[in-house]
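Residues annotated as S-adenosyl-L-methionine binding site in TrEMBL: THR117, ASP173, ASP201, ALA202. What TrEMBL records for 144-156 is compositional bias 'Polar residues'. Residues or ranges marked as region 'Disordered' in TrEMBL: 141-167.
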Amino acid sequence: MAASMRLLFRRGIRLSHRNVNVTAAGAPGQPAGCWEPPSCRCFSEAAGDRSTHFGFETVPETEKAKRVYKVFENVAQKYDTMNDAMSLGVHRLWKDTLLHVMHPQPGVRLLDVAGGTGDISLRFLEYVCFQQERRKRRAARSMQAPSWQDISNNYSTEEEEDGPQESRAVVCDINKEMLRVGKQKADGLGISAGLSWVVGDAEELPFDDDQFDIYTIAFGIRNVTHIDQALQEALRVLKPGGRFMCLEFSKVTNPVLARLYDAYSFQMIPVLGEVIAGDWKSYQYLVESIRKFPDQEDFKGMIEDAGFYSVKYYNLTGGVVALHSGFKL
């Protein structure tokens, strides 16, 4: 009951300050493919005297967002290449696991926060397309020798079949350069239908309440200054019954693997960053930021505190990565 009252109180504060009403497709005076919201910091209070971590370094809260922005601006062009190099390609399996656990159906609307170069959204659209084709094949097979029940179902769902709902994915990222690289990748693959690109902050999303069926954030939430505010925003923009899903580096559960992982992370990843992307410092930060992120149980508690229910997590590769999931009721 106390948690519900806190959520209502926070919602009242946010609504008293908000004056945002946009759609994923864009806004007047902005390009259709990538919309940038007006400058507004509803959550930004006087934070000059508060500090937070930037990797292992302590910095003022007001400075962290600028530094994180610069990190991803520097690595945007080589971001996908570095993901393959750092994880030896395993990041693709982690993201595929996210989609299989999500199991989206046609007509679902996805918000991919900190979506960067669009890996999750592109997989989402591909998965939904596969589900649509699978339904069509099943329907075709069932009509080869239809039963009376099949004929009845066909008449009752005829209108739905003639006009299926379109699934949509909105990639939302604070970094314009990451979005630019992602849009170029999608254009190169010939994917544009059902895909939007929006400049936005995870702590203050430029969307109305109850807009999305699924909210994902993959390898991005540890870079947010106020994780609790990002979680509250996730809850706000999800529809009732909507699902929150977070893929993030976490705490390795096996002591032997943990030692090997630490050695590889600190000794190899910055070197790869220097060789491939020409940027040692950015990848040193990324390694350090993983160690500062809450472990699986602590993060689960934060998601529950934000107001989500049925929160679970799945360890992948021995806890190198964890997939957290929760629902808005």
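Cβ coordinates are placed from backbone N, Cα and C, and glycine is handled just like the others.
Note: TrEMBL annotation is automatic and uncurated.
Model, not experiment: these values are computed from the prediction.
In sequence order, VAL113, ALA114, CYS172, ILE174, ILE217, GLY220, ILE221, VAL224, ALA230, GLU233 constitute the residues six or more apart from ALA202 (S-adenosyl-L-methionine binding site) in its chain with CB-CB distances below 8 Å. Counting every protein chain shown, the number of other Cβ atoms lying within 10 Å of the Cβ of THR117 (S-adenosyl-L-methionine binding site) is 23. Neighbour list (ASP173 (S-adenosyl-L-methionine binding site), Cβ cut-off 8 Å, at least 6 residues apart, same chain): VAL113, ALA114, GLY115, GLY116, LEU179, GLY182, VAL198, VAL199, GLY200. Long-range Cβ contacts of ASP201 (S-adenosyl-L-methionine binding site) within its own chain (separation 6+, distance under 8 Å): ILE174.
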